[in-house]
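These notes concern the structure reproduced below.
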Amino acid sequence: MRNVELETVLNNQLNIGAFQDYAPNGLQVEGRRDIQRVVTGVTASQALLDAAVAHQADAILVHHGYFWKNEPVVVRGMKRNRLKTLLTHDINLYGYHLPLDAHPELGNNAQLAKLLEIQVLGEIESLLPYGEFTTPLNAVALRERLEKQLGRSVLHCGDRAPAEVRRIAWCTGGGQGYIQQAAEFGVDAFITGEVSEQTIHIAREMKVNFYAAGHHATERYGIKALGEWLAEQYQLDVTFIDIPNPA
C-alpha cells in the first residue's frame with residue numbers, strides 16, 4: 001500500500017475531520033512510498049523507533065505522535081534524534097490522538113470498556129462515555145479487575161463512595177479533569193489514567209469511586225485494535241510493540 005493511501009484509509013476510518021486536536025492527525029513524517037510492514041505503539045518514543053528499525057518497519061502508527069501545540073519548534077536534542085531515526089531509515093510516522101480515543105469500536109475508551117466487560121450506554125459528553133456492569137461489582141473487586149487486566153497497580157480512592165459499582169464513567173489517558181462531570185451525572189465510579197492532587201478531594205466530596213490506572217496502560221488497546229483492523233482489512237504485516245511505562 002502507498003503511504004498516502006494508508007493515510008486516507010486511517011483518516012476516513014477515524015473521522016479525523018470531526019476533531020480539533022492538540023497535534024496533527026495523519027502522516028506526520030513522510031518515509032518510503034510503499035508500506036507492507038507496520039509497527040504500532042502508544043507513543044513515538046526513541047525506544048519504539050529503535051524497535052521499529054530493528055523490525056525493518058516501513059511505518060510506525062501511534063496514539064502519541066509529534067508536533068504538539070506549544071512545543072518548541074526548533075529541531076535539536078531529543079527531537080533531532082527522533083526525526084533523524086525516522087528520516088535515516090525512511091520510515092513513515094502516523095499519529096492519531098483524539099480520533100483514536102473516541103472511535104466507537106477501535107478507540108481507547110471502547111477497548112477499555114470491552115476489556116472490563118462494561119455495557120456502554122452513551123456519552124456524558126464528548127470523550128466521556130458511561131455504562132453499566134450487568135451485575136454490580138464490589139469497588140475493591142473492580143480495582144482488582146483493573147490490575148489483573150492491565151498488569152499494573154491501580155490507585156483507588158473510595159473513602160466515601162458506594163461499596164458497589166453498577167454505573168460507571170471512564171476516559172483513558174489524562175482524563176482526570178472529567179471526574180466532576182462524571183460524578184454530577186450520577187455514576188458510582190470513574191476510571192482514567194492519571195491523578196491530580198485535586199482529583200482525590202473531588203472524589204471524596206462527591207462520593208464517587210476513583211481509579212487511576214495509568215495513562216499508558218489505559219491507552220494500549222486502541223492502537224493495538226487499530227493495527228489489528230489494518231492487518232485484517234488490508235493484509236498488512238502489523239506488529240504491536242509495547243514499550244513499558246509506569247506513568
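From the backbone N, Cα and C atoms, a Cβ is placed for every residue, glycine too.
When secondary structure is read from DSSP and collapsed to three states, Asp101 (divalent metal cation 1 binding site) falls in the helix class. The divalent metal cation 1 binding site annotation in Swiss-Prot covers His63, Asp101, Glu219, and the record cites similarity to another entry as its basis.
When other Cβ atoms within 10 Å of the Cβ of Glu219 (divalent metal cation 1 binding site) are tallied across all protein chains shown, the result is 26. Residues or ranges marked as divalent metal cation 2 binding site by Swiss-Prot: His64, His215, Glu219.
Of the binding-site residues His63, His64, His215, His63 has the largest number of other Cβ atoms within 10 Å of its own Cβ. The divalent metal cation 2 site is set by His64, His215, Glu219; from the centre of their CB atoms, other residues of the chain with a CB within 8 Å are Val42, Thr43, His63, Thr172, Gly173, Gly174, Gly193, His216, Thr218. Neighbours of Asp101 (divalent metal cation 1 binding site), defined as other CB atoms within 10 A of its CB across all chains, total 23.
His64 (divalent metal cation 2 binding site) is 10 Å away from Glu219 (divalent metal cation 1 binding site) when you measure Cα to Cα.
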